[in-house]
Amino acid sequence: MKIEKPIFVVFEGIDGSGKSTLCKSLTEKLTERGIPSVNFTEPTNFETGKYLRKFLRGEIDLERKEQIDAFLNDREESLRQNILPSLESGKNVLLDRYMYSTAAYQSGDDLLPETIIEKNLKKNFKIPDLLFYLDLNPAIALERLSQRKENKERFETLAQLEKIRSAYNRILPKETIRIDGVKGPDEIVQECLEIFLRNFNRKFL
């Protein structure tokens, strides 16, 4: 089933909040209902994103301005090659992380999260139609992360996650849909599915 106007949905949250699982699961739920949907993540799998992942893994160091520039460059590729073509083809786009992550994660005493958001908006990056934020206590998120087998990324410490959560609370738009990240993944995806369908008046429930 092709919907009249495809929707751009973004998922935000600190590491360990469950947003990546939610993004994939909701895409599957929509697809099962015959609603054309695709999901992507930032950083991307393009060269711009691979460069950023090296930084996130601690393999290279970047000054804060270099970090911001790298994320902006990757976001341009994300929009040009993934997001906009998919929307134009009639598919909903569900995105794991967007400009709000950059503002929350790359901000510091010398660069406010609000300033980073402004830099993104000046680029005329597309604003999401729906923005979900999975809110979770950093201590719980860190416990979840410790159970994973992957190597830690540079932001996966309690102090960093607390700073990031605080920054999110400063910059997320008032229309952001906040989801309790403590809930189970099945309950969360059902809640978000109902919100998606209700917001756009699609009678697939």
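Just so it is clear, glycine is given a Cβ too, placed from its N, Cα and C backbone atoms.
Over in Swiss-Prot, the protein carries these features:
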type	residues	note
BINDING	G13, I14, D15, G16, S17, G18, K19, S20	ATP binding site
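Here the features listed in Swiss-Prot are painted onto the structure.
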| residue | record | Cβ neighbours (10 Å) |
| --- | --- | --- |
| G13 | ATP binding site | 27 |
| I14 | ATP binding site | 29 |
| D15 | ATP binding site | 22 |
| G16 | ATP binding site | 23 |
| S17 | ATP binding site | 26 |
| G18 | ATP binding site | 22 |
| K19 | ATP binding site | 25 |
| S20 | ATP binding site | 17 |
Same-chain neighbours of the ATP site, Cβ within 8 Å of the mean position of the Cβ atoms of G13, I14, D15, G16, S17, G18, K19, S20 and not counting those residues, run in sequence order as L134, L136, A141, G181
Give the helix, strand or coil assignment DSSP yields for S17 (ATP binding site). coil
